[in-house]
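Chemist: Grabbed the feature section from Swiss-Prot, which reads as follows:
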| type | residues | note |
| --- | --- | --- |
| ACT_SITE | His47 | active site |
| BINDING | Tyr50, Lys90, Asn501, Gly538 | ATP binding site |
| BINDING | Glu92, Asn539 | Mg(2+) 1 binding site |
| BINDING | Ser93, His94, Asn95, His96, Arg115, Gln240, Glu312, Ser313, Gln314, Ser541 | substrate binding site |
| ACT_SITE | His94 | active site, proton acceptor |
| BINDING | Asp116, Asp268 | Mg(2+) 2 binding site |
Amino acid sequence: MEKDVVSLEDALEHGLTKEEFQKIQEILGRIPNSTELGIFSAMWSEHCSYKNSILKLKTLPTTSDKLLAKAGEENAGAMDIGDGLAVVFKIESHNHPTAVEPYQGAATGVGGIMRDIFTMGARPIVSLNSLRFGNPDEPKNKYLLSRAVKGIGDYGNSLGIAVSGGELFIDECFSKNPLVNAMTVGVVRHDQMASATTGGQVGNSVYIVGATTGRDGIHGASFASKDLSKESESKRSAVQVGDPFMEKLLMEASLEAIQKGLLVGIQDMGAAGISCATSEMSAKGKTGMKIDLDLVPFRETGMNAYEAMLSESQERMLVVPKKGKESELVSIFEKWNLNAVKIGEVTADGMIEIYMGGKLKAKIPAESLVLGGGAPRYERETKRPSYLDAVKTWKPDEIPDVTKGANSKEILLKILSSWNVCSRKPITEQYDSEVGLVKLIGPGLDGGLSAIPGTNKALATATDCNSRYTYLDPYKGAEFAVCEAARNVYVTGATPYGVTNNLNFANPYIPENYYIFSECIRGMGDACRFLGLPVTGGNVSFYNESPEGPIFPTPTIGMVGILENKEKLIFNFPKEIGVELAVLGNFRPSLGGSEYLKKIHGQINGSIPELDIKEELELCKLILSLNESRILKSAKDLSLGGIAVALSKTVLFSGLGIESDLTSLRRNRLDLTLFGESSTAVLVGFDSLSKEDIRKQTEAYGLKFYPIGKTNSSGILEIKDAEIKISFQELSGPYEKGLEAVFAL
């Protein structure tokens, strides 16, 4: 055994606590050497162990008769969608790497989540991304956003995976700490699903396949488990470097090997690289592994065991083939011009043994390293932040209603030009949404809808979270995020199926931060339970703060849904003149936390929109029932920017005109009526002959029917109550130009 014994000081420098260092010594029965310390520091980092979140995550609902892989069991969640098929999906973050190297940070985030999907045997169909950045008027923020989007586009386009949607949210709190959350969804036959395990097959060979191993990404897991600071800029070596063309080859070779039944198990080498893949596969299979690092294909000379075990070089997998299938495995990877090299074997003693230069460099029980095994778990102290009470004292009468008279039109145009409302075309045009010929409803709308090849089914996808809402009310804001994601799925005609989450929060050791995290988990869990949606997995990203302060809490919800008959899709916007428009649900507008309040009055304050989870479930049932009768011409979630923005987008996306009267929605303030944001509300279009039928069905579900207007051929939006009469061209200018300058060459 290598004898370079380490000290407590070394352990502290690696991000471990005094107590954790003591626990490691108890596990090993001795003081660890440097390689072992590096392995423990990576595997027990927040990024890999979820040590400060796992106890809270276990309170989320994770059961469903459709689940094929529960949260934490595999690389991603999997759910049965009938006909022998499963949908496999997950969302993950690459926040800190993007902050210091936006192109590679964002690109490798896409690559990592793709591998999580095809490692399970599923072919990726679509991807989404949820982005949070600071004000792009500032040069640094503009650089970060534009480079991150290019990284996402270049990597995804090279792989040939369509982008079905996503979101962008801009606020000053993300200036030093942007968020990049990447989601991928794939489909696989039940009998072709793969697992990240040794399968208990003692004596089987262990292969490393794919790219060579270099020094890029060393300490990546630890880097993601610390606050960003001025020194973070120097940590570029902790950012991985991706090669999408290599990933494409790796995907095809891996899927071929899985489909031919050659493998016992396969695991992506993401965070903590070989350390993570060997320990997780071994622990799941209740075995150990003996690894010879001299056999690993290196791209750099002189790498030692510490570096080899912690390298996060991209596009690599660890594979355990079935006995007798080794040569066939190698042939497949050689056909795709990829490495497939035996580096060890599965052992019976449960130990991870690492050799290099003929010497034993590390010997650690696999179970002691992994989440759910020996990795530490903590419940941190909580304290309710005082600001949560302060913001609720705000009342709308503290601001003037600036929409009176002819100002309504001017205010509407300002909101349409805001970063959080304006057109996403400068972003979505960098992504290939047509590849694979699966697009039915593409990016830029409420939810994406994609055909599932070889079936009549369609896959609905959405990501959602209003970070201002979760800042103002963590519990209700998280509930709102789940409900809005579900709404954006069912307005396509699809039934919401399951949830993956990306939990982006600040330092968990600060009691106020941990309180906010805990409340968001509670709100998310309650909403998912009531809506009958299992949480299939996801990612926790703590330490999202800089010396200037923490980000807004952002529990991003990734939602998938299934439409059994893709011919029954619902478009976001009507396509004909003479279509009646109405809001269904319970219109309860609020200016608290609204885009109007921030853009026009420069405030983030107040109570967020009231939400009744029972009504949300009934609205979902209503929309799906109406769609079964094929009487809806369109359906659009009513939320950010309020009814005025929803009507404006209807004109912009349909090219039609609208004559509207908002009497049925009228509140005591015009700005509240026009720009107040509401939960439990969907703007629908329908034939006039169906009006009374829809009204009766809506009331039968205990909801309200608010008639507001009709489409025409004028290309003009007219809102009589607000003295708004504005043409398509007038709307289009500010809406289309909002982000153009950010991405101008």
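Every residue, even glycine, has its Cβ placed from backbone N, Cα and C.
Bear in mind that the values here come from a model prediction, so they are computed numbers and not experimental data.
Any idea what these are sitting next to in the structure?
Modeler: In the three-state DSSP reading, His47 (active site) counts as helix.
Taking a C-beta cut-off of under 8 angstroms and a sequence separation of 6 or more, Gly538 (ATP binding site) has the following same-chain neighbours: Ala71, Lys90, Ile91, Glu92, Thr500, Asn501, Asn502, Leu503, Gly558.
Residue environment of Glu92 (Mg(2+) 1 binding site) contains 25 other Cβ atoms, counted within 10 Å of its Cβ in all protein chains. Under the DSSP three-state reduction, Glu92 (Mg(2+) 1 binding site) is assigned to strand.
In sequence order, Thr108, Gly111, Gly112, Ala211, Asp216, Gly217, Gln240, Val241, Gly242, Asp243, Met246, Glu247 make up the list of same-chain residues 6 or more apart from Gln314 (substrate binding site) whose Cβ falls under 8 Å from its Cβ. In the three-state DSSP classification, Gln314 (substrate binding site) falls within coil.
With a 10 A radius on its CB, Asp268 (Mg(2+) 2 binding site) counts 29 other CB atoms from all the protein chains.
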Chemist: Compute the mean position of the Cβ atoms of Tyr50, Lys90, Asn501, Gly538, which form the recorded ATP site, and then list in sequence order the other residues of that chain whose Cβ is within 8 Å of it.
Modeler: Leu57, Ala71, Ile91, Glu92, Thr500, Asn502, Leu503, Val535, Gly537, Asn539, Val540
Chemist: For the ATP site as recorded (Tyr50, Lys90, Asn501, Gly538), determine the largest distance between any two Cα atoms, in Å, rounded to the nearest integer.
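Modeler: Max Cα-Cα spread across the ATP binders: 16 Å.
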Chemist: Out of the recorded positions His94, Asp268, Asn539, give me the one sitting nearest to Arg115 (substrate binding site) by CA distance.
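Modeler: Nearest candidate: Asp268.
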Chemist: List nothing but the largest Cα to Cα distance in Å, as a whole number, among the residues Ser93, His94, Asn95, His96, Arg115, Gln240, Glu312, Ser313, Gln314, Ser541 that the record says bind substrate.
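Modeler: Largest pairwise Cα separation, rounded: 21 Å.
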Chemist: From the binding-site residues Asn95, Asp116, Glu312, Asn539, pick the residue whose C-alpha lies nearest to the C-alpha of Tyr50 (ATP binding site).
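Modeler: Minimum Cα distance from Tyr50 (ATP binding site) across Asn95, Asp116, Glu312, Asn539 lands on Asn539.
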